[in-house]
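TrEMBL annotations:
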BINDING   SER51, ASN52, TYR53, TYR54, GLN55, ASP95, ASN144, GLN189, TRP330, GLN331, LEU332, LEU340, TRP362  cyanocob(III)alamin binding site
DISULFID  CYS64-CYS106  disulfide bond
Amino acid sequence: EPPHTGQLALYLLGLRATCLPASPHRTLVTWLKYYLEEDWTGSRQHGHPLSNYYQYGLGVLALCVHGKRVREEVIQRLLSAQHRGRLGHSDSTVDTEAVVALAFTCLEQRRLVGTGLAAKLRVAAHEASRSMAEAQGPDGVIGNIYSTPWALQVFLATGMCQTESAFSQAMAALLENLEAFSTAATMAQVLPVLHGRSYLDITSMHCQEEPGRGQGQWDWGHHMRGWVSPLLWWLLADTLTPLDIEPPAEVPGNKTVQLVVECPLPWCYELRLYDHSVSVPAAASFLAVLRAAAALEPHDFKFHTQDTSQGPFLTHVLGLEARQEKRNYWQLLTAPNTPLQMGIADYIPQDGETLILRLSEW
């Protein structure tokens, strides 16, 4: 199993954002440094991390936010991947480029690297900003709606929000689609942007114990100045419950959706493995369509999901598993070839729509 680099990195960012005392962090920081080495050593023959560059960059960012130096070889791996265009695939490239650019900017601004390397990191971060601006669609979205907050954080951290026209267009698109950010992890990405901040602002917080307060109570509320710690959402993900949210209105009737499963070479010799119409209630989600297909007679369709902070993640379809070490995933599309910007639990297909599950490489 790949090291949990990204999960530990997010947890450490959350601890720093909530101004908890430093003592519990030290062991976790040591583990994160170990994970970064294991993540790479275990896949050295392939020239990329066992997890992915997104998690690897997130690990470097978390160490930097905690003021910890990172070995130059670790940083050079990210620089090399960016220069060779190996950071990701399609929409996920924006997420990964943004995380890596934030890590580079943090290392340079906190002076945790030498002058020569700092200059390279500054150039690389600005190149990433320009790349994301060029990737912006006519609707203002950069990559997809979930990667857009990451791009905006880079514009803010590098100071390009003042000169980059893509910033205002992306912010307008974000404000129009706030309802899409309904999970703890997606809230953590969008909240700082709505207050004109990035994760790098965590580094400038001053966590001081107030006179007259008990030991272990920390004055973070004042310094946040209305910017609720975005990563607090991540830490509380398992305990957060929505308040005063009206349930979605019931839509009468049914709809029929075409469900298609595609598996191209090199994984399968036959491209289309499944192609059937499925009848579901009118308000049913993509996930409900999958469950209805699995309940049909005969039981030709099977799938499995894994719970994550961003909702259920599709892992198996028709017995075929998407795995990080194989660098593949189940891509969600609508016909003829439009990638979805939502997960299976959030997307509500239209009557007559064709949904495609495609095993794809990243």
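All positions are counted from 1 along the displayed chain.
Cβ coordinates come from backbone N, Cα and C, glycine included.
Features recorded in TrEMBL, as mapped to the structure shown.
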residue	record	contacts (Cβ under 8 Å, 6+ apart)
GLN55	cyanocob(III)alamin binding site	THR5, GLY6, ALA9, ASP39, PRO49
CYS64	disulfide bond	VAL70, ALA103, CYS106, LEU107, ARG110, LEU112, THR203
TRP330	cyanocob(III)alamin binding site	LEU314, THR315, VAL317, ALA322, LEU357, ARG358, LEU359, SER360
LEU332	cyanocob(III)alamin binding site	PHE286, LEU314, PRO339, LEU340, GLY343, ILE344, TYR347, LEU355, ILE356, LEU357
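The Cβ of ASN144 (cyanocob(III)alamin binding site) has 18 other Cβ atoms within 10 Å, all protein chains considered.
For SER51 (cyanocob(III)alamin binding site), the Cβ neighbour count at a 10 Å cut-off comes to 25, with all displayed protein chains included.
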